[in-house]
Structures are given as structure tokens and as C-alpha cells.
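As recorded in TrEMBL:
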{"type": "BINDING", "residues": "9-14, D34, R39, 90-94, 131-132, E165, 276-279, R346", "note": "NAD(+) binding site"}
{"type": "BINDING", "residues": "161-165, 220-224, R260, 267-273, 338-339, R442", "note": "substrate binding site"}
{"type": "ACT_SITE", "residues": "C276", "note": "active site, nucleophile"}
{"type": "DOMAIN", "residues": "332-447", "note": "domain 'UDP-glucose/GDP-mannose dehydrogenase C-terminal'"}
Amino acid sequence: MIKNICCIGAGYVGGPTMAVIAQKCPHIKVTVVDLNEKRIAAWNDKYVNNIPIYEPGLSDVVAEARGRNLFFSTEVDKAIDEADMIFISVNTPTKTYGVGKGMAADLKYIELCARQIARVAKNDKIVVEKSTLPVRTASAIKDILDNTGNGVQFQILSNPEFLAEGTAVEDLFAPDRVLIGGDTTPEGQKAIQQLVDIYANWVPNDKILTTNVWSSELSKLTANAFLAQRVSSINALSELCEKTGADVNEVAKAIGLDSRIGPKFLKASVGFGGSCFQKDILNLVYIAKSYGLNEVADYWEQVVIMNDHQKRRFAKNIIKTLYNTVSGKKIAFLGWAFKKDTNDTRESAAIFVADDLLSEQATVTVYDPKVDSAQIQFDLNYLETRSEEANNKGVQTVDNPYEACKDAHAIAVLTEWDEFKTYDWQKIYDNMLKPAFVFDGRNILNKEELEKIGFIYQGIGSR
Ligand code: NAD
Ligand code: UDX
């Protein structure tokens, strides 16, 4: 029976996942390690609200387990040495250099972990791929472990994570399924069972699915590709709705009632963001291409192309509607995070919309309940479109939505935070320049009410 778990990577996946395992399995010691000292210090902050990741319910889970059987540390070697089971939950971003640049997953952090495990391990271990990885990565990890290790036995499992940010704790408490892939050998099956036994502490058995390693690895990329495809599909239709007078919300409802289609993940938006969808689809495209499957690759690449178009046309529409110039105009952004209930901004549509508006010499003032100015500047600087100084000058961050909207020519809603719906929109209108425009990139505000106040309102996918 597993008594001691180590997880390498204390990020958006490693942190919440291990916190929940620790809470549900008080008999297992769980140590989450990371090279990032600041992040680990934040996980250990005596005020549990200061943990580095904002997720509803997470601080309560951490508060319960931390110091009991949940530990956060920078001592990676020690945690590896002590563990029976090691989860690898490090980042696997899109490569920014060399072969596969802009498409393939960068596996350097994964390889570093494998080499470190091999170097440190003095007894048999189960290594679990928690990160999202290209299909067949387990064989590369196994090669490294077997060839650079100390002669101990390793079993590699694939256990991809399906949580969505903003609902991570809910998703971990009651997952649609837990997927575990492993070797078909008796040793592989034994390792699978040991991981099944951990999840069985709170997940019903019929929701724990076991497969071979390759199916498990590929299922994760496939799930994200299908989800993102739904968003791009409805977004593609949103543009047609705007031209024809159909309303995308009505279309989504009408098709979603077909039980074969289903109602979820059909919200038209300014475009999907987040650290996963684009990265994982591009990775899938790259893998397909590497096997010479060009039609397969082109098919999936279109999901990302459509998403880029959706972000870009949102910015273009703001410029066109504001009489073809936003130069010197103040545009207020409500929201910067890639979705509500998270402080994560990776690949957020807001970044790209702001970038386009800044290139047209607009000034952007941002209010987001969970994202600070340093992060916003970091996101824009990362694009390298203009100097850091220019980004600093062009974008202001404020901690009050009314101040953000004061004297603005237009408001753009980039994230669907619930609080935006509760604002005093009359007060906002009174303090704006006229005509006062609202571009609702999330279709969350009440068009009729806003128009009654005097706003010129434009949502996505309707006139
Ligand atoms: P993250 O960037 O938030 O966290 C990764 C952490 O790993 C970082 O803190 C980094 O410092 C640490 N790290 C990197 N190399 C290390 C090493 N050699 N030793 C110790 N620490 C190291 O990333 P994330 O969002 O948690 O994603 C992790 C993986 O999970 C990715 O493969 C991602 O695709 C996958 N995933 C993410 C989500 C999500 O919603 N974010 C959901 C499912 C799967
Ligand atoms: C996604 C997957 O849902 C999750 O299973 C996987 O583990 C990680 O990737 P995440 O990126 O955290 O999760 O959030 P998700 O809810 O999927 O939203 C992704 C993006 O799509 C967000 O920008 C969201 O606003 C957008 N979206 C989602 C839409 O625009 N419309 C929708 O109908 C759904």
C-alpha cells in the first residue's frame, strides 16, 4: 500500500490535486515539491488565503491537511527518496525554439524530473505522469529511468488530470472519471491497482477507468481537443449569427437540447484561453504531422485558427464601431483572467485584445478582481510587440471597476466574473463619455437593461 507520495510541480494541477488526495487520504503523507521558492513559500504562508492559486474552496482543503499529511517543500531529492509513488506535474508548454517550435510540447522539464528521479531513487518506485504529455512519452521516461537509474524497478503510469480551473476542487471531489493507464504486464497491473486504491478513497469504482498507457496519454489531448472544438464551433457560428440576425444563444440552446449534442461548452465568447487548449491541440497537430497524417493535423489546427480569428475580430469590431479610431481613447477592460474564478491569465483572450488595441494607440484600463498589475504587464511584455515602457504607459490597472470605467469611451467585458452583473450600470453610464459603448465578450450583461440606460451594447453572436 502506498504510504508516501511526492509530487513534483506545485502549480495549478499539482497543488490542488495533491491537496485533495491529502485531505481524502489522511493515512498517506503527501509532499509537493517545486524549484520555485516563492511559490512554495506562498503554499506555506501562515495565512491560508495567501496560497498562490485562487480556486474556490481550495484554501479550506489546504487548511485541513497542511502540516498534518500535506507538505510543501523545495527539497526535491529528499521527497523523491522518501516516496513510494512520484507524480510528475510540471509544466509542458509549447516549444519556443528549435524543431517543433510553436507546436510541439517542450518536454525538457519532464526529462529533468525523470533524470532526477533516476539519480535519487534507491528503491522501487511508481512514477505517475500527471502532466499532459504527447502520446508515447512514457516510453521516453522509462528509457531514462532504466538507463540512468540505480538498478531499481520503475513502473510508469499515465494519470492525466481533467480538472478545469475555477472549479478545480469540485472537479477533484467528484470527477466525471479518473483515467489510469499502465503496462499490461502483471507488475504494470499491480501499479495501476495501487493508484486505483488511492482514488477509491473517495471516487466510486465505476468512475475509475484503467487503460493501456498510450490510450491514457492520447485521451487527455483528445478530450481537450474536443472541448476546444466545441467552443470554436459555436464561435464560428457566432459570426454568422451577427450577419444573419440569428442569435447564437438561441442557436446554442436549440442544438444543446439534442441529447446527442448536449448543452455544455456551447457559450460563444471572445475566444478560449487558458494554458491547456491551444497548447494541447498544437501538440496533437504536431504529433499527427510527425506521423505524416496531414489531413488529421489540418483538421485540428483549424480549431486554433478559428480561435485566433475570434479574438482578433473582437478587437477589430471595437475599433470599427468607435468610428474606426481608438487612438487616444480610453477602453475599460472588465476582466483579465482567462475565465472566472481563477487568477490564471495564461493565453487569456484579454491579452490579445489589449495588444491589438494598444497597437491602435488606445489606452486600456483594467479591472480584474483577482489579477494584479504586475501580472498584466508581464503578459503583455511576453508578447514582445512593443517596449515594456510602452506597455506600461498604455495599460493601467485599477482595483475599482467604477474607476476603470470612468471617462471611458467603451467597456469591454473579457472575463465572465459574476460580480460584473451586479454593478450599478446607471452610475457607470453617467461617468462615461458618450456615446457609451459596451462590448460584451462573454454575453453576461443584460442587453435590454443596458440599452434602456443609454448604452450602445454589442454581445457576441447577435445583433
Ligand atoms: P504550472 O506552471 O502552474 O506548474 C508547474 C510547476 O512545475 C511550476 O511551479 C514549476 O516551477 C514546476 N517545475 C518545473 N520543472 C520542475 C522541476 N524540474 N522540479 C521541480 N519543479 C519543477 O503548470 P500547471 O498548470 O500546474 O500544469 C502542469 C501540467 O498539468 C501541464 O502538463 C498541463 O498541461 C497539465 N494540466 C493543466 C491543467 C490546468 O488547468 N492548468 C489541467 C490539466 C492538466
Ligand atoms: C480545460 C479543460 O476543461 C479541462 O478538462 C482540462 O483539464 C484543462 O483544460 P480550463 O482551461 O481550466 O480547463 O477551463 P475551461 O472551463 O475548459 O475553459 C477554457 C476556455 O474556454 C476559457 O477561456 C473559457 O472561458 C472558454 N470557454 C469555455 C468558452 O469560451 N465557452 C464555453 O462554452 C466554455
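Glycine residues also receive a Cβ, built from the backbone N, Cα and C atoms like all the rest.
Less than 6 Å separates the Cβ from ligand 2 in the case of E165, drawn from the binding-site residues Y12, N91, T94, E165, A268, Q278 in sequence order. Long-range Cβ contacts of C276 (active site, nucleophile) within its own chain (separation 6+, distance under 8 Å): T132, N224.
The shortest Cα-Cα distance from E161 (substrate binding site) to any of the binding-site residues (G9, Y12, D34, T94, Q278) is found for Y12. For Q278 (NAD(+) binding site), the same-chain residues that are 6 or more apart in sequence and have a Cβ closer than 8 Å to its Cβ are T94, A228, F272, V304, N307, E347. Note on proximity: of the binding-site residues A164, L221, A268, the one nearest D34 (NAD(+) binding site) is A164, by Cα distance. Over the domain 'UDP-glucose/GDP-mannose dehydrogenase C-terminal' (332-447), the average per-residue pLDDT in this prediction is 98. Q278 (NAD(+) binding site) falls within a helical segment according to DSSP. Checked against ligand 1, the binding-site residues Y12, D34, E165, G271 give Y12, D34, E165 as the ones with a Cβ under 6 Å from it, listed in sequence order.
The two recorded residues, L221 (substrate binding site) and N91 (NAD(+) binding site), have Cα atoms 15 Å apart. Cα-Cα distance from A164 (substrate binding site) to Y12 (NAD(+) binding site): 10 Å (rounded to the nearest whole number). Burial estimate for the binding-site residues (N91, T94, N224): highest at N224, by number of other CB atoms within 10 Å. Across the structure, E165 (NAD(+) binding site) and F338 (substrate binding site) are spaced 10 Å apart at their Cα atoms. If you check the binding-site residues G9, Y12, N91 against A268 (substrate binding site), none has a Cα inside 10 Å of its Cα.
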